[in-house]
Amino acid sequence: MRITIPTYFTLFRLLLIPLMVVVYFSLAPRAAHFYTALIFLIASVTDWIDGFLARKLNAVSNFGKFLDPVADKLIVCVALVLIVYEYTYYRNSSFDYLFKQNDILVTIAAIIVLCREIIVSSLREWMASLGKSSKVAVSYLGKIKTTAQMTAICFLLWRPNRYSDIYEGMYWIEHMSIGLVWLAVVLTIWSMIDYLIIGFKSVSELEEKK
């Protein structure tokens, strides 16, 4: 098995996942939010770097093609779980109604994103078994979705804690984050439908040839 330079970046991204969880639960709230968001940002940057290096160095490997999307999905899923935990932890608190509304919005968004990842991953596996994996390769729309999703998650992880002295003047971070999350949700659904249409068209073509 050949491990290329881009694959080392992917492996590094996988190692950041448990570190992110430990940091989130080990530090005081303000520090936990900041450093968890920083780790996620570093992971997002390494995602871009390994893709760039794979193309630039012509270092694409089958192992890397398998591992890269796995690392992406794992870190996104773990980050979403942490974000939902953060919101639901204060669900029964005395915080304002807007916070409780955001709890619902973030939870629904996380469910949609996680379901989409499962559906698209299953579709890609199915298409690969039919020898049509190139038909459902990452599209330009999928890249825009990923950018919006990563940005939204990073801001939601960093969002200053409600107990923080600096929170009062930084409501805009939470509002912007919720907006970005739902932009990512719209793009998530759109790209999923796009992949499903392409997938079923390819299957129909195979059926017609039989």
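Here the Cβ of each residue, glycine as well, is placed from N, Cα and C on the backbone.
Taken from TrEMBL, the feature transmembrane segment applies to 7-27 (among others). Non-local neighbours of the transmembrane segment (7-27) in the same chain are 35-36, 39-40, 42-43, 46-47, 49-50, 53, 61, 63-64, 67-68, 70-72, 74-75, 78-79, 82; each lies 6+ residues outside the stretch with a CB under 8 Å from one of its CB atoms.
Below 8 angstroms of C-beta separation, residues 5-7, 9-10, 12-13, 16-17, 19-20, 23-24, 27, 59, 64, 68, 71-72, 75, 79, 82, 150, 153-155, 157-161 of the same chain, each at least six residues beyond the ends of the transmembrane segment (33-53), sit close to that stretch. Per TrEMBL, the feature transmembrane segment maps to 33-53 (among others).
Summarising the annotation, TrEMBL assigns transmembrane segment to 74-90 (among others).
For the transmembrane segment (102-119), the list of distant contacts is 73, 76-77, 80-81, 83-84, 87-88, 90-91, 149, 156, 174, 178, 181-182, 184-185, 188-189, 191-192, 196: same-chain residues at least six beyond its ends, Cβ to Cβ under 8 Å. Look at TrEMBL and you will find 102-119 (among others) tagged as transmembrane segment.
Taken from TrEMBL, the feature transmembrane segment covers 140-158 (among others).
Within the chain carrying the transmembrane segment (178-200), a Cβ under 8 angstroms from the stretch's Cβ atoms is held by residues 102, 105-106, 109, 112-113, 116, 119-120, 123, 126-127, 132, 135-136, 139, 141-142, 144-145, 148-149, 151-153, 155-156, all 6 or more beyond its ends. What TrEMBL lists as transmembrane segment is 178-200 (among others).
Long-range contacts of the transmembrane segment (140-158) within the same chain, counting only residues at least 6 positions beyond its ends with a Cβ under 8 Å from a Cβ of the stretch, are 33-34, 36-37, 40-41, 44, 47, 72, 76, 79-80, 82-83, 106, 113, 173, 176-177, 180-181, 183-184, 187-188, 190-191, 194-195.
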